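Record features, source Swiss-Prot:
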type: ACT_SITE; residues: S106; note: active site, nucleophile
type: ACT_SITE; residues: H131; note: active site
Amino acid sequence: MRDPVETYMNLVPMVVEQTNRGERAYDIFSRLLKERIIFLTGPVEDGMSTLVVAQLLFLEAENPKKEISMYINSPGGVVTSGLAIYDTMQFIRPPVSTLCTGQAASMGSLLLAAGHKDMRFSLPNARIMVHQPSGGFQGQATDIMLHAQEILNLKKRLNEIYVHHTGQTYKAIEDALERDKFLTADMARDFGIVDKVIDKRAEESAPGPKVA
């Protein structure tokens, strides 16, 4: 049976662009990267995190002041992989706008909230989910205790990040993340994860999710 990821990559369309040196072909994602658009799709794990971080650093080197647009459709994933993306978003100089298409769950919702203030968007039918980190550990009792303490430390840190970006109190975030909390786009806006729900682009020529 063929690897579904390999099958998917084989179906990625190519775009042909006319230049003064003739035709040049790009896969669609590389062409959109030229427009400073990054796609964060699928589970958040080390491989995907490395690619997103590399794209952020590349676009900063290209132009340290021009906005970067990040389109998010992710069920979440590995906390440390997500934090690598988060820290890079805060570290680089260009403002990063975020736009949720489909879903932003778990670490996906944190990265959605991590966009530049007033530049965090959601499409109207997107779903956002927040919750506390989870993990399963095996081994000696002492090791399990150490892992349990580490996940509590991560929980506290993630809560603090949500507090910083949403404007909610720590208690409100702690209560909201106690269980899976599913939000509509409007609810996510009211909660402070996004700034605006958009259903169309104000300027058709603009590559990123800019609105009037």
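Yeah, the Cβs are placed from backbone N, Cα and C, and that goes for glycine too.
Distance noted between the C-alpha atoms of H131 (active site) and S106 (active site, nucleophile) is 6 Å. Around the Cβ of S106 (active site, nucleophile), the same chain contributes V44, P75, G76, G77, M129, V130, H131, each under 8 angstroms and 6 or more positions distant in sequence.
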